[in-house]
């Protein structure tokens, strides 16, 4: 950094602004790189004395108000800096002048220019150019407003962070407790928090009483985490003695010293990182840009060629400029901007019905071109509720039902041991169902209590009936709640069973701790001594369930003998007067947050669609790997390096990493990797799980995938996911459990939090890309029959065959509904069985599409139009050869005696009525040939007969364009308004043969493509 400072200091005053900007940019990049690094702090390692010395805080009395005021003046308020927001007017201007709109604006300006030139040089200039300019401007403004309305979402990332900032904080200053505004909390303050509070800043805990915090928005762990003064982990995000700004304290109380405030907190760093990241251009925006380059190239090439040609043909400079402008404007597809916007909007609406809410229209297509999905685990791939998965009793493992609708397997519930186990699980449990939920299915009911206990409660309620009744029957006398030192929970109950002693002691906790307190074990309802063999059996079961990524709890009980503990005995939990050893071990119950039902199928679909699914989670590697196997992210038979090492019984470092298709990467390993090593992992492993990752690492993984050229979708729900969501090509947030911040950073929100909805989105995205190609091919084709009349008018000097107003009637009238109807077309083949498109080679509009639309189908259409034009003029006495070179006298308003081929004389007014009738007929001919074009654009490879005519909107479009053409031709008063005149019915049929020719020509072309895949015809004409 010294270099930058030095330069600014010693350079002369005339330093260029460019240099300054460059410096700012470099500094921003350095800052961003700094934020991407892991959190480095050592406050969690300091002893209380060192903490006191570092912050100068009295650990019981806190800071003095004067010292706090000094620090506040030095550090500024404890608040997040809002990012620079884009003003709404700038966003509106982007919609008005971005991409496609620019092309139309240039067209409009050229029209006004041409009108200006004509007004200055002619006495009575025609108003066509003026109309065209006004219409083009109107089209841009209307579609711009429409797009702006669709995307009227501002960058509210920071506003949602603001909602996370607690308003009040309880601090101790000079020994007095006071509630102050959270913004006034300073580094070194002594702060007290209790259950229900938000943590006001990053705190180093110095004393705690049963304190648990919910870190899920930060680390993605769904279980509340215990907080205590003990230093338990090198990693500050994992140690118990740091509580983070804006996480929630769920139970207990704690005191801590503030170590970071505002932007310097861990959450503040994530916020700054998320708002500072630049999301790149969406793939569809790049495609539209590419398309504009193509069209502009064609327009300018034609314009300049004919400009030179008209000078060679001895037109004046002014006329040549008017022609140049006319040709460029005629090449602009006026209706296409509206068509693309409407097609994307329709798809967005369709996706919303399928639970995918798209915030940004262009993101609709991005999902279709996705090649890698980085998915969060908790709540996206899994159900986000702990569920009992297995039990071990009677020396065997039993499987519980983890399906969402309880349609899975059941186990033997007749064993006496199961009765004892379910009794302990129901009684030694503080979770309760919330009130008034009797009508809801058990699994859907809300529970007050921690995740593991509510899983047990629901399991017992499903298997054994009402737990409330069981608890009333066995009333509780005393209890010792779970704590982190003894790692068990114990309660003593009255036993109503006459055949057993009067008191029942039940205990649950960490399996190894519970086993240590037992001397016997219950097998098939009979108590037996716990020998080594049974201990081994326990150990194997414990390892097996733990290896499945499940959380295992052990359960034991003891029937307290009546002679020692008669009825009314006073149990004392402080000075324990009852046995807590030599108990009877009953069994294990293991829990997992199980996969959602639809996920394995969705992952399979992604795989067949060529999309790589990577799991990125903050959870433990074992759990992550188990879920990855459960949902098919690691498919059957694919091994990780560890699996291969275990199978061959060799150390892990002797296995060649390339032999393993699957790979589980721990966050701590990722921390020390270079970007080249990460690239290697992403390149050579097809199935990857990243576990125990931090927010910054999620971002690094996304950037790694993008370096490989992948188009990356990221799913996430926590604040921790927001930088990755913002950086990804498409960020997908969760609608139900997602934090506001993640929803703001994302481009799309899954309303049902289900990974399977993403697959629906991919399908819709691929379909709209295919259908947009069809819409564009359809729209561009009519450009040729619109341009050629003008070109022939210049070269052959004939009366103008088609006027500007009629061109507008096609582009903004008859072609609109049919072009949009193609968005409703069904897929030709299974789009989910092909690889993602390659953004470099598979373009929305390529040279082949242009050559088909302009060079082939468009030419046939133009022939149809000219045929009609010559037929009408011939019927009125002007034979084709007589027309050559007649233009100057024809357009001269003072000449009233132009002779036709039969010697009849025509006044100026009469000639113009015939000319405008020709314009109308040419327009109707284009509508007739566009019928065939619409039908052939339904498919790109299949025959139309295979595809069928199921698209009702398209059939409506055919009728609509015909009805509109008839209305414009026959409506009284159109002659004065749009200069369109009624046609003889026979003139409608002139273009029919050409329409049929287009249909036959294209069916033959597609037949050859299907018969000879990869052949010359496919290479040249398949778009």
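Glycine residues also receive a Cβ, built from the backbone N, Cα and C atoms like all the rest.
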- request: Could you tell me whether Swiss-Prot assigns residue 521 and residue 978 to the same side of the membrane?
  value: no
Field: Residue carrying N6-acetyllysine as stated in Swiss-Prot, selected out of 21, 25
entry: 21
Query: If Swiss-Prot marks one of 228, 722 as phosphoserine, which residue does it mark?
result: 228
- prompt: With pairs 6 or more apart in sequence, are the transmembrane segment (292-312) and the transmembrane segment (97-117) linked by at least 3 Cβ pairs under 8 Å?
  reply: yes
- prompt: Are the transmembrane segment (802-824) and the transmembrane segment (953-973) near each other by the rule of at least 3 C-beta pairs under 8 angstroms (pairs 6 or more apart)?
  reply: yes
Message: Name the residue among the recorded positions 487, 661 whose Cβ has the smallest number of other Cβ atoms within 10 Å.
response: 487
Query: Which residue counts does DSSP give the region 'Mediates interaction with SCN7A' (596-717) for helix, strand and coil?
result: 63 helix, 20 strand, 39 coil
Query: What is the one among the modified residues 40, 47, 452 whose Cβ has the most other Cβ atoms less than or equal to 10 Å away?
result: 452
- request: Give me the Cα-Cα distance between residue 228 (phosphoserine) and residue 376 (active site, 4-aspartylphosphate intermediate), rounded to a whole Å.
  value: 28
Statement: Per the Cβ under 8 Å criterion, with at least 6 residues separating them from its ends, the topological domain 'Extracellular' (313-319) contacts 117, 121, 794-795
Statement: residue 943 (phosphoserine) and residue 661 (N6-succinyllysine), compared by Cα position, are separated in whole Å by 41
